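Asker: So that we are looking at the same thing, I have put the structure below in structure tokens.
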Amino acid sequence: MPSLPAPPAPRLLLGLLLLGSRPAGGTGPEAPALPIRSEKEPLPVRGAAGCSFGGKVYALDETWHPDLGEPFGVMRCVLCACEAPQWARRGRGPGRVSCKNIKPQCPTLACRQPRQLPGHCCQTCPQDAERSNLDPQPAGLVFEYPRDPEHRSYSDRGEPGTGERTRGDGHTEDFVALLTGPRTQAVARARVSLLRSSLRFSISYQRLDRPSRVRFTDPTGNILFEHPAAPTQDGLVCGVWRAVPRLSVRLLRAEQLRVALVTPTHPSEEVWGPLIWQGALTAETFSAILTLEDPLQRGVGGIALLTLSDTEDALHFLLLFRGLLGGLAHVPLKLQILHQGQLLRELQANASAQEPGFAEVLPSLTDQEMDWLVLGELQMVLEKMGGPELRISGYITTRQSCDVLQSVLCGADALIPVQTGAAGSASFILLGNGSLIYQVQVIGTGSEVVAMTLETKPQRKNQRTVLCHMAGLQLGGHMAVGVCSGLGARGAHMLLQNELFLNIGTKDFPDGELRGHVTALCYSGHSAHYDRLPVPLAGALVLPPVRSQAAGHAWLSLDTHCHLHYEVLLAGLGGSEQGTVTAHLLGPPGMPGPQRLLKGFYGSEAQGVVKDLEPVLLRHLTQGTASLLITTKSNPRGELRGQVHIASQCEVGGLRLASEGVRMSLAPNGEAATSPMLPAGPGPEAPVPAKHGSSGRPRDPNTCFFEGQQRPHGARWAPNYDPLCSLCTCQRRTVICDPVVCPPPSCPHPVQALDQCCPVCPEKQRSRDLPSLPNLEPGEGCYFDGDRSWRAAGTRWHPVVPPFGLIKCAVCTCKGATGEVHCEKVQCPRLACAQPVRANPTDCCKQCPVGSGTHAKLGDPMQADGPRGCRFAGQWFPENQSWHPSVPPFGEMSCITCRCGAGVPHCERDDCSPPLSCGSGKESRCCSHCTAQRSSETRTLPELEKEAQRS
């Protein structure tokens with residue numbers, strides 16, 4: 001079905017029209033249900049009950065008539081139902097949508113002139129109209145649906161469905177995988193989080209050489225995605241799979257997606273395992289990887305997910321293992337908890353092939369055991385009882401993750417909210433021994449900071465549990481750096497459960513001028529979180545200062561191609577300001593210059609990449625004179641501001657941007673530093689070993705390898721196999737090569753130069769199409785932003801626009817006088833033949849074949865400069881022509897009229913108003929008209945009422 005303005009899903013539309021257009025012919029065999037599915041239906045969430053259909057979520061056993069929008073409206077002769085599958089438990093699990101045509105179920109009527117009442121599928125006799133809602137209509141057909149296109153379905157009236165919540169509030173789905181291999185003792189554990197359309201993974205491993213790649217495959221081994229594994233410390237690999245295809249998401253939710261680690265010694269995968277959903281992941285705060293103790297054994301390993309009870313010192317855990325069963329159906333196991341070889345706890349369990357794992361509780365941990373737990377000194381040993389000795393063991397540590405612990409401190413979140421314009425920014429690292437490293441920046445307080453505490457949420461007023469008293473400010477009074485070593489197991493558990501707060505008290509506000517919630521920020525794929533501090537954003541830094549109760553911080557970095565990566569977090573904004581937040585990158589306040597809007601705000605968070613940053617802003621960034629300005633509806637000139645300094649040596653346009661120093665510190669005025677002051681953490685973009693003679697610069701995972709050379713993402717070059725007449729581009733690890741297409745020369749006798757692909761006119765021979773002319777004077781050439789290249793004055797070319805490649809239906813010209821690039825669409829000539837063809841597949845315009853007829857016909861509608869016409873159901877209709885759409889095999893839809901306007905088809909249902917005042921009518925195409933004969937059984941209800949009153 002063609003695209004229409006209103007219907008949301010063309011395939012759904014066509015399928016339902018095929019069902020609803022059958023002629024009414026009394027009863028008959030029930031039509032088989034067609035597999036109707038919406039193209040844009042939300043993906044079902046694992047474990048959610050109900051069905052998703054047409055962009056809405058329906059409960060189990062709910063029935064509805066699909067609404068196709070205008071002009072088709074609700075298909076009342078089609079009934080859909082959400083059915084529970086037979087294998088699912090009652091009220092649980094995703095349902096199955098079944099739709100069928102219920103027109104054949106309409107009863108046969110005795111009257112000669114049945115009527116069609118609005119909101120009904122079946123016709124009724126006039127004398128039964130008053131009790132039509134009691135007649136034996138097919139189930140589900142008595143509902144009256146409004147025609148208002150903004151009406152809400154039944155599933156929208158209450159709480160939104162699970163699938164809608166998943167995409168509306170940034171809900172994260174977590175999965176875990178145990179990775180082992182038959183020829184190795186290595187064991188790895190992968191934790192994967194699906195957030196919107198990105199898959200963020202943290203993989204920890206033991207007894208494994210540094211992995212080279214992370215690989216995701218389907219059940220048959222087909223590679224779906226690969227990510228370079230940057231060298232990291234502590235056996236941790238981080239990465240992001242962006243824009244995950246829907247099929248891969250379905251495989252993940254069906255637990256059919258497999259993750260593997262590739263090493264130089266095992267290029268075909270050393271360890272692998274399927275990703276499974278585990279509810280215990282949301283509560284996990286401690287973990288363990290269990291490896292073999294016998295150096296001669298292979299292919300066995302396990303992982304443990306542990307958490308503390310919220311009400312007592314009990315350790316709950318889930319243990320997953322592979323290779324212990326040895327092909328047996330049931331195996332008894334023994335679990336021991338050791339400290340320096342001394343047995344502390346022991347329990348027994350049974351494992352089966354169907355459930356290779358078990359859950360247990362270690363109750364009533366002593367204070368000493370709690371201390372050993374947070375210090376990472378408790379060892380977990382799992383042993384197979386009976387048969388050959390088989391033991392795996394590992395130490396319990398705090399959960400490892402690529403996420404970043406951080407906090408934005410603002411006055412709005414203080415125990416007694418204040419509005420001073422001050423702001424705070426904090427970053428944390430939790431070490432394996434339970435120690436917490438903190439770095440806190442404070443900006444804009446009106447008085448001296450007297451206390452900085454890490455504490456729990458107060459249960460009552462003035463009843464706060466302080467876990468750590470932090471050191472005072474240093475480095476000019478704007479920063480505090482230190483270590484909290486006394487959190488304990490309970491404190492570490494609460495920290496990883498996002499249950500702690502950072503409070504800053506000043507002389508003017510001893511109970512707290514700034515306060516922030518310590519939370520884990522999802523890994524975003526770049527190393528800025530680990531090697532530099534965030535930029536604090538405060539109202540006090542706005543000129544003039546703003547006494548805002550909000551605050552924020554931002555991570556910004558430049559990669560080797562001068563692409564700006566940013567991530568902004570805000571706190572303390574009112575609900576009315578949430579949808580009005582914008583962020584701009586600009587130069588010094590009060591100075592004219594370019595500004596760049598940073599897009600991507602999702603609530604109070606924003607992240608993205610700017611790939612074409614202006615050179616002026618790049619210089620401001622490297623010189624430390626750039627500003628990040630946050631504006632809101634109440635403060636359109638600036639709610640928050642931060643000063644940005646990024647030490648970078650990236651290259652843009654053949655020029656190297658180098659700052660004075662690579663390692664900077666926080667300035668006394670609160671400017672954000674870019675030095676790697678945080679302890680070495682898992683760097684997601686760390687470089688792979690560089691080749692001899694290289695600069696050792698980090699390798700972008702999007703680079704391309706072609707003809708023995710590495711090419712960065714976005715690079716353009718002439719390939720060795722055809723250096724004159726081909727052009728290649730690198731687009732995210734994919735090389736696209738296009739032949740150079742020469743436009744027709746504007747002179748009768750062009751000249752072919754030896755060093756050029758296209759012939760040029762003699763007077764313009766000196767104007768060469770060079771890939772880069774950085775030293776051109778004004779008026780000598782043009783810079784084309786599409787492929788980022790300089791062109792000589794007077795040059796004409798077909799543009800190359802990444803990632804689309806060569807655009808042959810456009811010609812660009814460099815106007816030397818002004819330095820402007822003028823691009824226009826290729827004007828295809830009108831053709832008189834009936835079947836034009838393209839002589840070459842790469843041609844833009846069609847031609848008449850040799851020997852073709854001369855039947856008059858419009859030129860290619862896509863290239864014509866006149867009215868374009870409309871394509872509808874595979875046919876072209878001229879501008880302003882109207883028609884009734886045809887739906888095979890049922891023929892013309894006489895009740896719907898379509899018209900072509902401005903190249904877009906518009907369809908609407910014919911209006912049959914005003915209603916007939918005569919009693920009998922005759923169907924004429926769509927609407928009825930009065931006839932001469934009338935009978936009592938065909939008179940309208942108002943006429944019958946008037947006749948009764950007269951009598």
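Just so it is clear, glycine is given a Cβ too, placed from its N, Cα and C backbone atoms.
Pulled the feature table from Swiss-Prot, pasting it below:
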COMPBIAS  145-170  compositional bias 'Basic and acidic residues'
COMPBIAS  936-951  compositional bias 'Basic and acidic residues'
DOMAIN    49-126  domain 'VWFC 1'
DOMAIN    171-280  domain 'CHRD 1'
DOMAIN    282-401  domain 'CHRD 2'
DOMAIN    402-523  domain 'CHRD 3'
DOMAIN    529-649  domain 'CHRD 4'
DOMAIN    702-762  domain 'VWFC 2'
DOMAIN    782-848  domain 'VWFC 3'
DOMAIN    870-930  domain 'VWFC 4'
CARBOHYD  Asn350  N-linked glycosylation site
CARBOHYD  Asn433  N-linked glycosylation site
CARBOHYD  Asn880  N-linked glycosylation site
REGION    144-170  region 'Disordered'
REGION    669-701  region 'Disordered'
REGION    932-951  region 'Disordered'
SIGNAL    1-26  signal peptide
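Map these features onto the structure and tell me what's around them.
Answerer: Helix, strand and coil residue tallies for the domain 'VWFC 1' (49-126), in that order: 4 helix, 26 strand, 48 coil [DSSP].
Helix first, then strand, then coil: DSSP counts for the domain 'CHRD 1' (171-280) stand at 10 helix, 61 strand, 39 coil.
Per-class residue totals from DSSP over the domain 'CHRD 2' (282-401), listed helix then strand then coil: 10 helix, 64 strand, 46 coil.
Taking H, G and I as helix, E and B as strand and the rest as coil, DSSP gives the domain 'CHRD 3' (402-523) the counts 9 helix, 59 strand, 54 coil.
Residue counts for the domain 'VWFC 2' (702-762) under DSSP, helix first, then strand, then coil, are 1 helix, 22 strand, 38 coil.
Note on the domain 'VWFC 3' (782-848): mean pLDDT across this stretch is 75.
Taking Cβ-Cβ distances under 8 Å and a sequence gap of 6 or more within the same chain, the neighbours of Asn350 (N-linked glycosylation site) are His330, Val331, Pro332, Leu333, Phe358.
Annotation for Asn433 (N-linked glycosylation site): same-chain Cβ neighbours under 8 Å, separated by at least 6 residues, are Val374, Leu375, Gly376.
Of all Cβ atoms in the protein chains displayed, 12 besides its own lie within 10 Å of the Cβ of Asn880 (N-linked glycosylation site).
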Asker: Using DSSP, what is the helix/strand/coil residue split across the domain 'CHRD 4' (529-649)?
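Answerer: Going through the domain 'CHRD 4' (529-649) residue by residue, I get 21 helix, 47 strand, 53 coil.
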Asker: Can you check what DSSP calls Asn880 (N-linked glycosylation site), collapsed to helix, strand or coil?
Answerer: coil
